[in-house]
């Protein structure tokens with residue numbers, strides 16, 4: 001309820017708010033690849049509900065899956081979700097519905113409830129096709145890799161990402177003809193003018209700490225290790241090309257699964273202060289995100305502040 005109520009009472013909050021209202025009001029002209037979301041709009045319109053009902057239903061679908069996460073370390077999981085994903089759910093609605101389902105799918109998967117995971121995950125793709133990027137992690141969960149070799153591979157990938165070799169690798173028909181290929185020749189295919197300073201560096205640093213902590217943990221779920229590497233690399237790429245900011249936002253769900261493992265490692269190594277430092281860091285980022293994403297600004301804006309309710313309409 002704490003997450004649900006502010007989301008459903010908001011009015012004109014989030015950069016994409018107006019576009020979702022337009023999509024609802026002109027659903028007959030709404031050509032959207034995510035068929036389930038399109039069906040949701042038609043369902044609400046057939047009930048003759050107002051456009052705001054779309055935000056109420058979307059909020060419910062977004063946060064409801066989180067109720068079914070494993071209760072072990074549940075508080076930490078929800079805390080990381082709130083700090084990393086909650087404000088984004090005010091704007092990137094379809095994406096965040098999809099990511100909530102991805103989180104639940106992997107939570108079930110790590111608990112050995114494979115059939116539940118394989119039912120939930122396809123639903124996430126139907127809400128947003130970008131969730132396809134998480135598909136390989138189901139298959140690498142039991143793929144054990146020597147820690148030293150994985151560190152060398154990580155270093156090699158890091159070198160590629162920081163050099164022009166990365167753009168050479170992207171210059172192929174397989175990528176250019178893909179879902180994201182067109183973005184490379186749009187406004188998203190340029191070097192970002194934001195998310196490149198101390199904040200980005202700090203995110204990368206903490207992601208590296210998380211990756212190393214998970215790498216040397218006793219987890220049997222190797223997918224979390226590869227998740228952490230994926231998040232680390234996506235943050236590095238974010239500083240090179242704007243489109244990878246979206247990838248980094250999606251990959252941030254890594255911390256929902258990785259932080260509990262990190263806590264056990266830090267407890268054993270008696271460096272528990274890292275727990276408080278990391279939480280403090282992401283709380284500060286959360287506050288800075290609110291401040292930086294004022295609806296009056298333009299660049300890099302998600303438009304989540306100042307908050308106003310439907311009663312101010």
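One-based numbering along the chain as shown.
Using the three backbone atoms N, Cα and C, a Cβ is placed for every residue, glycine included.
Feature list (source: TrEMBL):
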type	residues	note
TRANSMEM	49-69	transmembrane segment
TRANSMEM	81-106	transmembrane segment
TRANSMEM	118-141	transmembrane segment
TRANSMEM	148-170	transmembrane segment
TRANSMEM	198-216	transmembrane segment
TRANSMEM	223-244	transmembrane segment
TRANSMEM	250-266	transmembrane segment
TRANSMEM	273-292	transmembrane segment
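Sequence-distant neighbours of the transmembrane segment (49-69) (same chain, 6+ residues past either end, Cβ-Cβ under 8 Å): 3-4, 7-8, 10-11, 20-21, 24-25, 40-41, 77-78, 81, 89, 93, 96-97, 100-101, 103-104, 107, 120, 310.
Long-range contacts of the transmembrane segment (118-141) within its own chain (CB-CB distance under 8 A, at least 6 residues past either end) are made by residues 33-37, 65, 94-95, 97-102, 104-106, 108-110, 179, 221-223, 226-227, 230, 246-247, 250.
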